[in-house]
Amino acid sequence: MAAAALRAPTQVTVSPETHMDLTKGCVTFEDIAIYFSQDEWGLLDEAQRLLYLEVMLENFALVASLGCGHGTEDEETPSDQNVSVGVSQSKAGSSTQKTQSCEMCVPVLKDILHLADLPGQKPYLVGECTNHHQHQKHHSAKKSLKRDMDRASYVKCCLFCMSLKPFRKWEVGKDLPAMLRLLRSLVFPGGKKPGTITECGEDIRSQKSHYKSGECGKASRHKHTPVYHPRVYTGKKLYECSKCGKAFRGKYSLVQHQRVHTGERPWECNECGKFFSQTSHLNDHRRIHTGERPYECSECGKLFRQNSSLVDHQKIHTGARPYECSQCGKSFSQKATLVKHQRVHTGERPYKCGECGNSFSQSAILNQHRRIHTGAKPYECGQCGKSFSQKATLIKHQRVHTGERPYKCGDCGKSFSQSSILIQHRRIHTGARPYECGQCGKSFSQKSGLIQHQVVHTGERPYECNKCGNSFSQCSSLIHHQKCHNT
């Protein structure tokens, strides 16, 4: 039924604002395509590769729907307000001219779809599949010609159907796999893929290339196929951001970057309504709702939602600390931790509270501070029901129930439930007294000792007996006094 639907003529309406005059030179697929070298492709995780496939198919479909790209057939010149492009199935008796122009779409799609079949391997640039196409014609020209002509027709129909779909509503992982299967069935009928053993027993990928680039020597296997050396080899950045001057190899990368300046977040989570600037960020976020953790540490078996989190975690096992502070020489396993640390030296506090105006060096600290104003205590103890504003406070509290004392003194072996208590205890062994009185110069090992001492200078007596009304400067003195009433 799906195949029958694709054979039916499809009408595409293009608004005057988005349509480009075909007589003045269209933007071709190569103008907006993004290609990766083998090393670059190897750095992408699964979600990023899936995003790449989505973007390539989306761009190719949109270019094809405007009648641009590789010279699609049945083009009509634009009229007053709208342009209607009719696509119908090619007949066996179509002209050679149209067959060749339609046939150009097939190798491009083959390159894109090859990535779906070979994750993590070198992506094939345009020309790999074209050469395979030419090699097959060497054995059966007429049979191949008719098959490719019909195939290109179906691909075109499919692309026009794709152009009707609102691509901003695409859900990576849902719509895309179905579209890939549909395109693959049209481009690779019978499940056959390029780069396989052909009728003469020769592996196409082992053939030598004949058409080379004069700049870098990169070869193309079809004389009509451009070699994309500027973006892959020289590292030349073609698209520059007008706001900050940062340059990118692909136009789509620039569009993504510009959302940093515009604040645009077109991708919405249908679970919680949160918006994101990139589909890859949305995919990472969705795992919060699904609980999916597809990335596993081979050392300890710990699971992570994002590949980047796994990479950061693995530095615990390797001990790698590649990010060093230029001020004090301290090194960190994560760049984000270094950035936070550097604010100690710069004094930068970029996160400001809208209620009281206090500023903070980290967003997490600001979030904790805001709970003072809201009174929110989201962390509840499962044992006694007591709630806390910070997760760290809940963890400390839970040790009251469990009796856990994870902090051990290396000098005497005594253990403590909190690191701060261990730090105070160690001063017994070291003799450190970091808290000094500004009035008399007397120093103390604990801040509480200094506070108690300062009452001597101020004359303050905050501790009052509820029996006789006498007041005292220290709590211990009040407790000693109350024993008189008890006797």
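Cβ from N, Cα, C; glycine included.
The zinc finger annotation in Swiss-Prot falls on one of the ranges 11-33, 172-194, 379-401, namely 379-401. Swiss-Prot lists zinc finger for one of the ranges 118-140, 210-232, 463-485, namely 463-485. The largest share of C-beta pairs under 8 angstroms with the zinc finger (267-289) comes from 295-317, of the ranges 295-317, 323-345, 379-401.
For the zinc finger (239-261), the DSSP-based tally of helix, strand and coil residues reads 11 helix, 4 strand, 8 coil. The stretch from 239-261, 295-317, 323-345, 407-429 that makes the most Cβ contacts under 8 Å with the zinc finger (351-373) is 323-345. Here the zinc finger (295-317) does not touch the zinc finger (239-261). Their Cβ atoms form fewer than 3 pairs under 8 Å, with each pair 6 or more residues apart. Per-residue pLDDT, averaged over the zinc finger (435-457), rounds to 89.
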